[in-house]
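First the structure, in the form of structure tokens, and then the observations on it.
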Amino acid sequence: MNEFWVLLTGSLVGITCGLTGVFLILRKTAMIADAISHTVLFGIVVAFMVTQSLSGFWMLVGAAIAGLLTTFLVQLLQSGGLQEDAAIGVVFTSLFALGVLFITLFAGNVHLDVEHVLMGEIAFVPWDTWDILGFSMPKAVWMLLIVLVFNLLFLVFFYKEMKLTTFDPVFALSIGLPIVAMHYSYMTLVSLTTVAAFDSVGAVLVVAMLIGPAATAYLMSKSVIGMIVWSMAFGVMAAITGYYLAKLWNTSIAGMMAAMIGVLFMLVFLFKPHDGWIWKVFKRMKIKDTEPNIL
Amino acid sequence: MLTGNLLWVLIGAILLGIAAGLNGTFAFLQKQSLVGDAAAHAALPGIAIAYLVTQQKDLPILMLGAAITSALAVYMIQWIVGNSKLKADAAIGFVLSVFFGIGIVLLTIVNQSGTGNQSGLNDFIFGKAATMAKSDLVWLSSSALLIILMCLLFFKEWKLMIFDPIFAKGIGLPVERLRILLTALTVLTIVTGIQAVGVILMAAMLIIPAAAARFWSNHLGVILVTSAFFGALSGALGTIISSVRTGLSTGPIIVLCAASLFVISYFFAPTRGFIAKSLKKKAFKQRNVVKEAANHE
């Protein structure tokens, strides 16, 4: 039964992050997600310092605020004349350092240490349960399900608008779509996804899960819907294979899942028919072979 | 108060700050700041592999392992961007998180291998400059000195390569090789700093001083000196604070010192700072209002 919960949690992380990550890749904001996954730590610590509790609700609130703050600060520095990559780099390293400092200063003796935040402990997920409406499921599963519903609702209602603001922001602006509000609400969703997932798999795997499957799906599909389906599938595949390999070698489950995301990406990148690297190399060799005949 | 070892640590931190400040400015101007972040995260698996292979934790060996995986990560980012439709940000994020994940996997294996717990490899995540051994500090300092020397040596060539690559090529500079050299030096800077600052925050040492220095001037020479000064100052302050209060990792403190310098620069720098800009905007508006009123009359 415990194994079932761990696998379910991993798969839910894969599905939720896979879904959210697609628009990160398409909007070229992958590194902002990386930044948010680091600064979420800061939000959680501040939420803990204010409320003195580690309840899931306040963690979500703190994370959402931290995510918005990150997005806002990056935007502010950019409008202040700093290039984007440096703005992201300055904001997230500073907030992350602040979060680490706060943890060591104020929260050292509670269940909130930095290593847990970074690497998560998915193996402990089944023991921390919540009872809601008579169902008893692990807390992580509940949080992931709630965030998944948020994400699905957002995409169902604003799918068209998201597509338009992503691919043609100028046109979207001209017909009166609130592109700034869209950007901020999407980034809020990214932060919520991050905090729901990081409790079980850690901040670093969240980045891997947000970016990796969606990037792999980007190579696989040419339509947004196709990309979403592939992305979720890759997320689940990485979660399940990563779990069993980690069990086999007795090592970090979250780390192994991230490694499997890398393996899946490399498989597609190298071997995909027509677009894969190896395919391209062969094509190039063929052209070289036929060249003398043309001349 | 300045005991022998702390003095050494201080010298190391200052040299590291100068090296990162100089090298970071070049990376910053090439818009490669986040590549440095990926390279820093990618150092972790290299450290673990080096330890697993040699069963030793001598700094040069671990540094060599870190350098290999960091360089591999940078190369992979360029390879992915060059051979697929993925953009740089996705490639950087992907490589960063996967390499770090592999690093965590290997670190777990090291920690389970009995002797691993004493190996102190976990310190590489956040850095422990205050407790570094003297022999390690000698390595750190000489490596940092090498970086500083190289930055001064190639100042003119890199300046040309960054601001006018076509002209640089035209007069016969090996632009590609210069670029590779700069990347290699960035990797070396990261590898030099990981034990003191940690893999996660090492990138900040490259990015923040350079970004802060950019507010103060439009001349590369001045930016480089300012950036090096900021790096050295935050390195020194961070080391002193974290050695006075035990239990604090050095990395976060150094980064927060650098961040404070950045905030000061952002607001108070002349001409490019926030306050100077707002004042200028206000003056401009007022002038226009006066002019418009004059036109109406």
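Using the three backbone atoms N, Cα and C, a Cβ is placed for every residue, glycine included.
Annotated transmembrane segment per TrEMBL: B:7-28 (among others), in sequence order. Within the chain carrying the transmembrane segment (B:7-28), a Cβ under 8 angstroms from the stretch's Cβ atoms is held by residues 35-36, 129-130, 132, 134, 137, 140-141, 143-145, 147-148, 151-152, 158, 162, 182, 185-186, 189, 192-193, 196-197, 205-207, 209-211, 213-214, 220, 223-224, 227-236, 238-240, 243, 250, 254, all 6 or more beyond its ends.
Summarising the annotation, TrEMBL assigns transmembrane segment to B:34-54 (among others).
Annotation comment: TrEMBL describes B:61-80 (among others) as transmembrane segment.
The transmembrane segment feature in TrEMBL is assigned to B:92-110 (among others).
Residues annotated as transmembrane segment in TrEMBL: B:137-155 (among others).
The feature transmembrane segment is assigned by TrEMBL to B:180-208 (among others). Long-range neighbours of the transmembrane segment (B:180-208) within the same chain, counting only residues 6 or more positions beyond its ends whose Cβ lies under 8 Å from a Cβ of the stretch, are 12-13, 16-17, 19-21, 23-24, 26-28, 30, 32-37, 39-41, 43-44, 47, 59, 62-63, 66-67, 70-71, 74, 100, 103, 123-129, 132, 136, 140, 143-144, 146-147, 150-151, 154, 158, 161, 230-231, 234-235, 249-252, 254-255, 258-259, 261-262.
For B:220-241 (among others), the entry in TrEMBL reads transmembrane segment.
What TrEMBL records for B:253-275 (among others) is transmembrane segment.
Among residues of the same chain six or more beyond the transmembrane segment (B:61-80), those with a C-beta under 8 A of the stretch's C-beta atoms are 35, 38-51, 53-54, 86, 88, 91-92, 94-96, 99, 124, 139, 143, 183-184, 186-188, 190-192, 194-195. When each of B:34-54, B:137-155, B:220-241, B:253-275 is scored by its Cβ pairs under 8 Å to the transmembrane segment (B:92-110), the top-ranked stretch turns out to be B:34-54.
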